[in-house]
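Asks: Structure below; questions to follow.
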């Protein structure tokens, strides 16, 4: 036998695991308790919110943005790999542009914090300022797309970093990433409060690692020179460089800027209120800027090249610290902080989804809080979508980057436009300056969005440009449906009151035995007009049934039908049509009684015809028939 | 973006297609009509049987056996590839042994036909002659395993032959094989009678092709010598040859012998009765023997080697006819006859499964005839299992062969032992001779089974040796369960009569609107004791509900419960426990009314909480509660 390729089992196994967990949770409360934890009361929601000092809130909220330094610069320079050594210096101006853009964004977002001190994401801001429903929907869908991508990119990048230090993991990136997503989902279903202090330390540790590395870099350069043997030439225009290529590299590097909105969404958790948030923004901007620039500079000096099996972060750390403890420590803290970034999205995405669901733009199920008070359905949707992306793109960060960050920039632009409208409407101190800052921000982010869409169109951005309008369209359809239903269901409490209805009942009987005895007893106790309907496949069985019914004392009218085509559904629905056009006047309701075996062991279900389920589903969908299921619990 | 490997989508796509077809069939009668055809009456069953002259029945029933010449000799010699040129002549004695075994089998089976002129497979024969249930079950499970393998091996071999002539198909064998299985399934669901004459021609054509090729081979040898430049040495004992290896090769070659039982199962379709069947057996044995020996001989003379991308049949045909019309014709007729072999199994497997189901050893659903009178459930199970094998073994005949044919030989042995017991019991003319023939047959097939199991154990036979006992065990469990249920359900028609029961009803209400109005009206019309149960998540909503209920005129008792854990199930089941231990005496039944939205468009289901389904499933399984679903058909 040859060695088999079992990779096709991958999605099957995942589906089986998910189904098994879902089944276990539904059937055995204990399993759910074990995985998700004890359910919490609704009133615990208020108590679980604790306020944080700004320098504790900062790391908690910045994992998403700050962790991007692990892949942002690399994503930028990867685009220029084809141009060779001479293009390597371009990482410096590209990173500088990115940092400049970061400053503009942060300034604009500070305006947002000033305007909405109770926290307000792009959806809330644009809903508050635009009449048309599609504008906030545009912001929301763009954000949601990007949240999904944040999970996929962060997890994939974290796993890639890990595989750089442990080559034995190479080739298993997809499985490991899927496993990470699953673990993050489970942890979040248990309900980790976003404002938990535990999240502060890993981010600070990672920041310290990055700053240490940058410091060591400068120390190294002081001793070995700022131009080292590997340093590529500076300032040369490499052959084949086009504006398009440059913009493409810039767009990719901008993937480092996702996550800026987190702080503005979470202003209420700051003990100092909006001032705390502003302080956090300034500090975060500074640290991120320094890190990006320093990291890019050292990459250039060391002349580090793109290597799909060894991230540039890993290569740089290796060049300073070899493969020792410090290197390992940096790699692990990178993984942890990237996973925290993915984790933070598990608060953001379900929140936006719940907001949309409350406004009737998404299925209501997304509005429900789970046992642990989180929006569990939203989390599950996020994990499923992110897993799908990871699986499709084989957990390769570079494949995912082209889809990434457009969403964020589109949402940025919409939110800024909303803020401008607000300043014009509300006025107040310095409103012209504030509106001007937002206008500039909007202009820049709109420009970046366009650059993104154009340069990355063929390599994946088109997917996002198709998905976002589709989401808006579907959200509108959903809204329309909910409104139609609400209109249809509204009644007048004074006029529309319950009334006595005439009911005709039909009991499906398959013979005469204990189950039929039970069902007939029940039916006759609940309604006066009961027909027993026997559908036989041949004349002998019908005759036998009629005789037995006689011997049983004719408890109610028996109707027998011969089904020449061995179908139950067809003669049954014909009989119901006959009842609907009954000579004695059409009944208000027809009620169908179906017995259902409930075996002790699950696999016994396979041994009993599940026709009753099919009949029930078909009748409810196609006929106006009330279906009553009378369970019979088997003893063995 | 790198080129993606989409192969993981394979099973997903297949599942989606199957689900879509099932959904369409269930919901749109027209689709089912189109795919499966107009339903047929049960009485058509008798009319569809038409009798055939023996020389028409022969090709119809022999596709399974005769088509095996396309892979049998190749499977044998493949085992000896490692020994080089010197081993090639061994194909001659191995094939001779196979043909000898075939003759023994046919003689034994003729005894079977004499004993059971109404047709009787291994299951029927052993059921008739053994008291213990496990003996016929052993025969039946062995046969069923082999039927599944026949489909997989035949289809895979046919596709491999096709890929030999059209290399562009190489690499897509698995998909093509799965497609073939699907098509065969659909054709069979439409219901092709086994005795249809159409099947006679392709088998005769294929026989003609094979005999022509053998003739041309001898012609070629008459002109170019019986020892040709490529002919390997004869009679040398190749280095490394062990008895084990030889037996292994022999076992593989025996895969050519599957399908001998078909004629004995189908005696009633012969116009001449058992004499026709015996004639057909003799003729089939002669033609198959000649073909196997001739084919093997020419393979040896031409010195043809095993090549995974070009079957030996294709190579031999190529050496005589080049790549011209005749070659193409032979290849296509091979494909057709192999597909017919797979097709014939779609009658055999469901028949055995239905027999077992009638005796209570398999789920009852396998006993039901579909719209076109075939046992459609059995066909679907067969197609699913065969597809699974094809997918797991990547449609490689050589991977499947080690699992193949043990089943047949085990079933052979059991049937022969049954026949011996019968001869001893019934006696009759020449009974000692007949019993002797069967005893010899049983000895030989038992020996072959053991050789098979030992030589192929590690390369796959262990799977079969695990599966067969497992099937027997499960069949016994199933039988036990059906007996228990029958005991439990039996009632005394004179004593156990329907009685008046006291019912308490609970209507789950989520507010006051048209759906609740409908449901309450219905519940109050059918039973006198109705409670409306409102489960609120906070105090305000409960207060509001109580006020509205007052304003609605208090149609029935309203019970409100606050669910601090936002669960409906938990307070509901608590309330039901309270009713069960009601002060006024426990009611005989508790009836739960649940309203269910039935939207116009399927995707609208996503927009309404499916909690009602979960509640229904949970209640039926865990509580003795009758569940009544009142549908509300949305207008938009």
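Note that Cβ sites are derived from N, Cα and C of the backbone, with glycine treated the same way.
Annotation comment: TrEMBL describes B:6-30, B:51-69, B:89-112, B:133-155, B:175-192, B:199-219, B:239-260, B:281-300, B:320-341, B:373-395, B:436-454, B:460-476 (among others) as transmembrane segment.
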Asks: With CB pairs under 8 Å as the measure, which of the listed stretches B:89-112, B:281-300, B:460-476 comes out on top against the transmembrane segment (B:239-260)?
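Replies: Comparing B:89-112, B:281-300, B:460-476: B:89-112 has the most Cβ pairs near the transmembrane segment (B:239-260).
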Asks: Restricting to the same chain and to residues at least six past its boundaries, which positions have a Cβ under 8 Å from a Cβ of the transmembrane segment (B:133-155)?
Replies: 64, 67, 71, 121-127, 177, 180-181, 184, 255, 258-259, 261, 338-339, 341-342, 345-346, 348-349, 352-353, 355-356, 361, 382-383, 385-386, 389-390, 393, 395, 397, 400-401, 403-408, 410-411, 414-415, 418, 464, 467-468, 471-472, 475-476, 479
Asks: Determine which residues of the chain contact the transmembrane segment (B:281-300) at the Cβ level, with the cut-off under 8 Å and only residues 6 or more beyond its ends counted.
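Replies: Sequence-remote neighbours of the transmembrane segment (B:281-300) are 55, 58, 62, 65-66, 69, 72-73, 77, 88-89, 91-92, 94-96, 98-99, 102-103, 106, 109-110, 113, 207, 210-211, 213-214, 217-218, 221, 231-232, 256, 263, 312-313, 316.
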Asks: Excluding the flanking five residues on each side, which residues at least 6 beyond the ends of the transmembrane segment (B:199-219) place their CB within less than 8 Å of a CB in that stretch?
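Replies: The answer is 56, 58-60, 62-63, 66-67, 69, 287, 290-291, 294-295, 297-298, 301, 316-317, 320-321, 329-330, 333-334, 336-337, 340, 343-344.
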Asks: Count, for each of B:51-69, B:175-192, B:373-395, the Cβ pairs lying under 8 Å from the transmembrane segment (B:320-341), and report the range with the highest count.
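Replies: Ranking B:51-69, B:175-192, B:373-395 by Cβ pairs under 8 Å to the transmembrane segment (B:320-341) puts B:51-69 first.
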